[in-house]
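Undergrad: Pasting a structure below so you can have a look.
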Amino acid sequence: MRKYGWNSFKDLIFGNPAVVDQDPPVGDGAQNAERENWTSKREYLLSAIGYAVGLGNVWRFPYLAYKNGGGAFLIPYFVMLVVAGIPLFFLESAFGQFCSQGPINVWRAVPILQGVGVAMVLITTIVSIYYNVIIAYSLYYMFASFQSPLPWTGCLSWAGGNCSTTPKVSCNISGVLVVNWTQENTTCPSSSMQSPSEQYWDHVALQRSSGLDETGPVVWHLALCLLLSSIIVAAALIRGIKSSGKVVYFTATFPYVLIVILLIRGVTLEGARDGIEFYIGSQSNLTKLTEAQVWKDAATQTFYSLSIGWGGVTTLASYNNFHNNMFKDAFLITLTNAGTSVFAGFAIFSILGHMAHVYEIPVGEVVKEGFGLAFIAYPDALSKLPISPLWSVLFFFMLLTVGLDSQFGGIEVITTCLIDAFPEVFKSKRALLTIATCSILYLLGLPCVTQAGIYWVTLIDQFVASWVLLIVALLEVIGISYIYGANRFVKDIEMMIGQKSFGFWLWWRMCWFFITPCLILVILIWSVITFQSPIYGTVKYPMWGLVLGWCMIIFVVMWIFGIAVYKLFRAKGTPWQRVKALCRPSEEWHPYLDVHRGERYSEERCRHKEKPVRKRETNVNVITSSWL
């Protein structure tokens with residue numbers, strides 16, 4: 001066993017020479033000219049890293065860390081990464097690369113669960129709607145930063161009567177510690193004052209209404225920024241991975257340059273040490289680890305950040321060469337993603353520490369809710385720095401580039417599934433399909449840029465980007481491990497990366513069979529029991545809004561069971577024969593190219609295996625169409 005462990009370690013670090021010899025160079029006869037491959041390995045890695053490293057790292061992760069005890073949140077986050085994130089990322093990458101298909105067609109491996117693939121595409125579609133809106137916010141703030149002084153520096157004509165630039169004390173109002181922004185007196189007012197950046201976000205950028213009930217008109221400057229975002233995405237994906245693979249050389253690397261610049265500037269500010277202490281030091285709140293919400297946030301952040309359960313990992317991997325070593329890729333991408341989250345947290349919390357120092361309040365009270373971290377706290381802090389427009393432009397340009405990378409992957413999921421399902425219709429019309437997809441998402445995003453738009457964005461984020469991901473990921477790992485069979489899946493992977501020892505696969509079998517599904521199930525049940533209705537700031541959602549949120553979950557999940565029932569009704573034979581037939585891989589489940597199928601998936605072997613099946617179950621009709 002000690003020998004197996006060492007060989008496995010060598011394979012991981014130095015690679016397997018036998019597999020290297022199998023990996024074909026770009027452009028040889030094994031290249032998938034019919035469906036396309038990445039032009040180079042670098043393009044895949046940058047695309048996958050760019051897809052994973054998005055707003056979830058720069059905006060969502062620091063906010064969740066701030067919300068869930070600072071550095072204490074790193075414990076459940078890395079636990080979830082090791083036992084759920086990496087195993088699921090490896091699983092999805094191998095799943096897509098093996099058959100070179102998108103997240104719907106890969107379920108030819110387990111036809112009864114093809115609805116899981118449909119649910120993934122629906123999640124990606126819904127999330128892409130509001131993700132595009134957040135990119136529009138970044139564009140608007142970036143454009144607004146091209147003026148000196150920054151428009152949210154002081155209380156200008158747009159500000160309300162409760163706007164103030166000078167915080168004096170912290171007041172305990174209704175049990176909640178808030179900032180008293182009064183300039184002249186130090187008594188706690190009946191209603192707290194607001195900073196200029198907060199009022200600019202509410203009154204100028206969003207023109208926010210009083211609640212979800214008050215829709216209001218479309219905010220024209222956000223609608224134009226949303227249009228520009230859609231145009232940029234469509235232009236980058238106009239030729240599929242051939243064009244997006246070139247764009248990511250910039251969009252996936254430049255954010256790191258900007259994070260380093262912002263971090264260097266942040267740590268030189270007074271009070272930055274207090275922010276970093278709250279992030280990973282003595283001010284972390286370890287008691288938060290006893291709360292279900294913290295572990296749920298860690299799990300969903302892992303899925304959200306790595307895009308597990310969205311179909312994007314499977315889609316990007318489906319364009320790899322068959323013998324690409326996706327195992328090493330999975331480690332490189334997931335660890336880069338986690339490292340970026342932690343690294344970006346230093347840049348964020350150094351600024352938060354400075355904000356707390358300026359306002360003379362605890363670090364944990366600087367921001368009230370998620371979007372305020374990127375669009376209230378940071379703009380406010382940057383406005384107080386020398387050459388503030390420069391820092392502001394750099395920050396929002398960073399948000400723009402990391403958001404675009406993730407949006408590229410989301411749109412690629414949708415178009416890939418359509419092309420895989422209807423190649424004769426869409427393959428020659430990829431550009432038109434991409435433009436049509438971006439146009440439809442733009443129109444669907446218009447309600448999110450009305451005066452009530454931020455409430456819609458928050459509602460979608462709270463429901464679709466958390467709950468459903470847990471359900472889909474659970475069914476995915478159960479379907480592959482227990483129905484398709486983890487041992488069979490391991491043999492499929494070994495066809496791509498070469499044979500491995502028993503010791504090599506022991507950990508992955510443990511995760512796929514037991515640890516990962518049990519952990520996801522516990523988090524899901526725990527989260528349901530401790531569920532609390534979402535709010536935006538202090539604004540509560542009406543009952544119909546909460547019902548709509550649950551309806552979005554039902555709409556996504558119902559396809560999983562609906563398609564399974566539909567297939568069972570269409571199949572023939574006894575109920576047990578139908579279930580057995582739909583739990584077996586269809587005839588179309590195999591590597592895309594004949595040269596990679598080998599003995600296990602050769603046409604002669606498949607015909608030989610089908611004969612006894614037809615003899616025993618003469619009336620079984622396995623549905624093997626692309627979608628249903």
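Residue numbers in this text run from 1 along the chain shown.
The backbone N, Cα and C atoms fix where each Cβ goes, and this holds for glycine too.
Sharing the record's features from TrEMBL:
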TRANSMEM  44-62  transmembrane segment
BINDING   G50, A52, V53, N57, S305, N337, D405, S406  Na(+) binding site
TRANSMEM  74-95  transmembrane segment
TRANSMEM  116-143  transmembrane segment
DISULFID  C155-C163  disulfide bond
TRANSMEM  218-238  transmembrane segment
TRANSMEM  247-264  transmembrane segment
TRANSMEM  302-319  transmembrane segment
TRANSMEM  331-352  transmembrane segment
TRANSMEM  390-419  transmembrane segment
TRANSMEM  431-457  transmembrane segment
TRANSMEM  463-485  transmembrane segment
TRANSMEM  506-529  transmembrane segment
TRANSMEM  541-569  transmembrane segment
Undergrad: Honestly, do the transmembrane segment (331-352) and the transmembrane segment (247-264) touch, with at least three Cβ pairs under 8 Å and pairs 6 or more apart in sequence?
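TA: Judged by the Cβ rule, the two regions touch, with the required three close pairs present.
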Undergrad: For S406 (Na(+) binding site), list the number of other Cβ atoms lying within 10 Å of its Cβ atom.
TA: 27
Undergrad: Take the C-beta pairs under 8 A between the transmembrane segment (116-143) and each of 218-238, 390-419, 431-457, 463-485. Which stretch has the highest count?
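TA: Going through each listed stretch, the top one turns out to be 390-419.
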Undergrad: Which one of these recorded positions, A52, C155, has the sparsest Cβ neighbourhood, judged by other Cβ atoms within 10 angstroms?
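TA: Per-residue Cβ counts within 10 Å for the recorded positions A52, C155 bottom out at C155.
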Undergrad: For the transmembrane segment (218-238), could you work out the same-chain residues 6 or more beyond its ends whose Cβ comes under 8 Å from its Cβ atoms?
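TA: For the transmembrane segment (218-238), the list is 132-133, 135-137, 139-140, 143, 205-207, 244, 247, 404, 407-408, 411-412, 415, 430-431, 434-435, 438-439, 441-442, 445-446, 449-451, 453.
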Undergrad: Can you tell which of the recorded positions (V53, C163) has the fewest other C-beta atoms within 10 angstroms of its C-beta?
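TA: The recorded positions V53, C163 were compared, and C163 has the fewest Cβ atoms within 10 Å.
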Undergrad: Are there residues of the same chain, six or more positions away from N337 (Na(+) binding site), whose CB falls under 8 angstroms from its CB, and which are they?
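TA: Sequence-distant Cβ neighbours: I49, A52, V53, N57, S305, L306.
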Undergrad: Cβ pairs under 8 Å only, please: of the recorded stretches 247-264, 431-457, 463-485, 541-569, which one is richest in them relative to the transmembrane segment (74-95)?
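TA: When the Cβ pairs under 8 Å are tallied, 463-485 comes out ahead.
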Undergrad: So which other residues, same chain and not among G50, A52, V53, N57, S305, N337, D405, S406, have a Cβ within 8 Å of the centroid of the Cβ atoms at the Na(+) site?
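TA: Surrounding the site, in chain order, are I49, Y51, G54, G56, S307, T340, V402.
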